[in-house]
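A quick write-up on the structure given underneath.
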């Protein structure tokens, strides 16, 4: 019996991603720390190997480690850029006719292979430079944006009503928050209690279960399309993919095309800043004056994940009294405030408190995805989400690479600079949303004027 729910796929994937991300960052940090000098970090230690006194010899050493880790992350991200872009666009565009399961399977295979390789790498203490090669190979099968794009397209296939679409996507974000919150809270204990090898193995098992569910239990949401597949050459297939994307915008009216373009621009600029700065939080917390250990980093990650739940509540409550665009603006503005506050956080209490302005950070993602899906027809959802995932992959990898490079260049003189820059850059999607908001207000006022004019004409 086939199951028509993609939510288990997304939950298992988020669990694996949420656990794997801090694991990889801290594993690379420890390896580079130990390879750079004669200092070691014990997994069972309750304190971070971190110096707060700038005159201490270890202070300059840890600054050098921060710079090297940031540059290594930059190399990993760049290695997966081109293959990730191509695979995401091709797989998701193909899903409009080949079914949504195809990109789900391939991206899951890539994630599973990458996780298994991390197990071997940590067990045999192989050179960490091999992570760059595994990132490149994994990106050939797609990445998390491929899986999320296919999953959201799967959900849109099932939701015919526009309001139902917004709520369903918000529920998914709520599930993300629950899973990532619990995983983030326990990630430090995974490292301290099990070590890196067993922690990576748990991720591998979760991804294996995920792949089994997709292959044998998940129902494809596009049965009728998959039965009409025609055998064509690869050249013709690529031509069809790009042609569908071109026709998506060409067939739209001028107003629809401009609305779609502005929504995509807003989504990607917001995505660029929030995703780009995310990995910097762990490095910022590991360094002085915070000097967090893996358990505190887990607590911070869990508190950060609460934003999925609060964003869901925000969408659920605000949807009764305001339009989607107002919710997106609120989320963007509060995130801007949170970024500015993080730049000046110097104590553990302050670093926990800065999570409060991030309560609605996820809200613009859910709302803008829903707004974009309403602009196109149901038969174009896969192509639209392919464009969105393509831009997210390009923007995400470029953003992470850019912010890692900026942090590496500025960590020695001001660690919080990258967060101040993020707050300034968030003005771009905020202005874009304000432009859309002003247009909506103008249309609303114009509509009232026409109705009043009609009433006066009828009376007199």
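Here, residue 1 is simply the first one shown, and the rest follow in order.
Yeah, the Cβs are placed from backbone N, Cα and C, and that goes for glycine too.
Those TrEMBL annotations? Automatic predictions, nothing curated.
Worth saying up front: this structure is predicted, and the values here are computed from it rather than measured.
Pulled from TrEMBL, these are the features on record:
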type	residues	note
SIGNAL	1-16	signal peptide
TRANSMEM	74-92	transmembrane segment
TRANSMEM	104-125	transmembrane segment
TRANSMEM	131-155	transmembrane segment
TRANSMEM	167-191	transmembrane segment
TRANSMEM	197-218	transmembrane segment
TRANSMEM	259-284	transmembrane segment
TRANSMEM	296-318	transmembrane segment
TRANSMEM	325-346	transmembrane segment
TRANSMEM	352-372	transmembrane segment
TRANSMEM	384-407	transmembrane segment
TRANSMEM	413-434	transmembrane segment
TRANSMEM	441-459	transmembrane segment
Determine whether the transmembrane segment (384-407) and the transmembrane segment (296-318) share at least three Cβ pairs under 8 Å, counting only pairs 6 or more apart in sequence. no
With pairs closer than 6 in sequence left out, are the transmembrane segment (325-346) and the transmembrane segment (104-125) joined by 3 or more CB pairs under 8 Å? no
Same-chain residue ranges lying at least 6 outside the transmembrane segment (413-434) that approach it to Cβ under 8 Å: 262, 265-267, 269-270, 272-274, 276-277, 280, 284, 287, 325, 328-329, 332-333, 335-337, 339-340, 342-345, 364, 403, 406-407
Might you confirm whether the transmembrane segment (352-372) is in contact with the transmembrane segment (259-284), defined here as three or more C-beta pairs under 8 A between residues 6 or more apart in sequence? yes
So, do the transmembrane segment (296-318) and the transmembrane segment (131-155) meet, by the test of 3 or more Cβ pairs under 8 Å (sequence gap 6 or more)? no
Which bits of the chain, at least 6 residues beyond where the transmembrane segment (74-92) starts or stops, bring a Cβ under 8 A of a Cβ in it? 102-103, 106-107, 131-133, 135-136, 138-143, 145-146, 149-150, 153, 238, 241, 382-383, 385-387, 389-390, 393-394, 397-398, 400-401, 404-405, 408
